[in-house]
Amino acid sequence: MNEVVIPSVLQDGSVRTPEPRKQNLLDLDREGLERFFADTLGEARYRAHQVMKWIHHRYVTDFDQMTDLGKALRAKLHQHAEVLVPNVVFDKPSADGTHKWLLAMGTDGKNAIETVYIPDKGRGTLCVSSQVGCGLNCSFCSTATQGFNRNLTTAEIIGQVWVAARHLGNVPHQQRRLTNVVMMGMGEPLMNFDNVVRAMSVMRDDLGYGLASKRVTLSTSGLVPMIDRLSTESDVSLAVSLHAANDALRESLVPLNKKYPIAELMESCARYLRGSKKRDSVTFEYTLMKGINDQPEHARQLARLMRQFDNAVQSKDAGKVNLIPFNPFPGTRYERSGETEIRAFQKILLDAQVLTMVRRTRGDDIDAACGQLKGQVMDRTRRQAEFRRTLEGQADRDAAA
């Protein structure tokens, strides 16, 4: 990957050629790193493997500390490469052991995301973001109130895992405190497909974090064509933000349903399972909101949908349900369902032989619970105003020219 470097003319008439931008090695999976070492550095493939382990196993970002690399190779790395990880703005522990990091992406202060670690009975799950903000406008999600800013790079996605694993003292293949990763943070992962898939490759690589495919879960609101593409490029676990089992209600909660209604979504999920013997189920997430989608009829609709899905895949428990009590945030019109309603909803599903779990709320005292992540993204009105000012400034400069 050769970058074109464009010279600039200075006021005194001299020409200055800027230095080529260095390659952030955190942006590369194993294949990309091998290619970079061969094409740019002229080095053997095993050298790329050594560096990958230094970065992801030992959390070393200074080439001079990579002691099994020769001096000449370290010099070439300094010239052509760097390892840039997200900056930790703050980290905040919860009373229940949950831990949240606010990570700065870039230098303008407007691009920050949140990453959450949830320990629970011998496992540790990291909730990772894929975008700064989100553009899908799900009406019950805090992130949606901030609008969409941009996609995260591969380095910014896997960098969240790096920051958390380093903080936790995680040692891949030995001392595992980070056992699962869920792409359920800020953003819609399938709208940042290439960067997310590349980052998940590092998560699952033995030279990276060594997680089994079933321990990496991608959660989507239902981009049908991208689910089909994911089926051909990755074997991770799939979760779907369903939240309603009829189109009219789901459209009011998840506007994407207008483009990809439930029938199309369920068909794509069935294709995903049929695409590999390694995949045996899809998790359907259902956030329970008081008086909105928590009534017995809603539970019966969901039970029917899960039975239809099992029949389509020809496998029992192909569809699993994860009930999520709604987590309130400032300005929302929704309320959490009561414990009685939650248990009654679950009982209807269990009686219909639908495998159903209720997700215990974690980290709500630090706004780290499901649906509460929003980072420090400029709100949409301010961002649109800034964009208009930028356009006006450009127009003034064009007129002056």
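Positions of Cβ are set from backbone N, Cα and C atoms, glycine also.
Summarising the annotation, Swiss-Prot assigns active site, proton acceptor to Glu114. Glu114 (active site, proton acceptor) carries a strand DSSP state (E or B).
Here Swiss-Prot flags 120-365 as domain 'Radical SAM core'.
A strand conformation is recorded for Cys127 (disulfide bond) in the three-state DSSP classification. What Swiss-Prot records for Cys127-Cys370 is disulfide bond.
What Swiss-Prot lists as [4Fe-4S] cluster binding site is Cys134, Cys138, Cys141, and the listing cites sequence analysis. Mapped onto three states, the DSSP output places Cys138 ([4Fe-4S] cluster binding site) in coil. Counting every protein chain shown, the number of other Cβ atoms lying within 10 Å of the Cβ of Cys138 ([4Fe-4S] cluster binding site) is 20.
A coil conformation is recorded for Asn327 (S-adenosyl-L-methionine binding site) in the three-state DSSP classification, outside any helix or strand. The number of other Cβ atoms within 10 Å of the Cβ belonging to Asn327 (S-adenosyl-L-methionine binding site), over all protein chains shown, comes to 23. Taken from Swiss-Prot, the feature S-adenosyl-L-methionine binding site covers Gly187, Glu188, Ser219, Ser241, Leu242, His243, Asn327.
According to Swiss-Prot, the feature active site, S-methylcysteine intermediate maps to Cys370.
The 10 Å shell around the Cβ of Ser219 (S-adenosyl-L-methionine binding site) contains 22 further Cβ atoms across the protein chains shown. In the predicted model, the domain 'Radical SAM core' (120-365) has a mean pLDDT of 95. Closest to Glu114 (active site, proton acceptor) in space, going by CA atoms and restricting to the recorded positions Cys127, Gly187, Ser241, is Cys127. Candidate binding-site residues: Cys141, Gly187, Leu242, His243, Asn327. Nearest to Cys127 (disulfide bond) by Cα distance: Gly187. In terms of Cα spacing, the binding-site residues Ser219, Ser241, Asn327 all stay beyond 10 Å of Cys134 ([4Fe-4S] cluster binding site).
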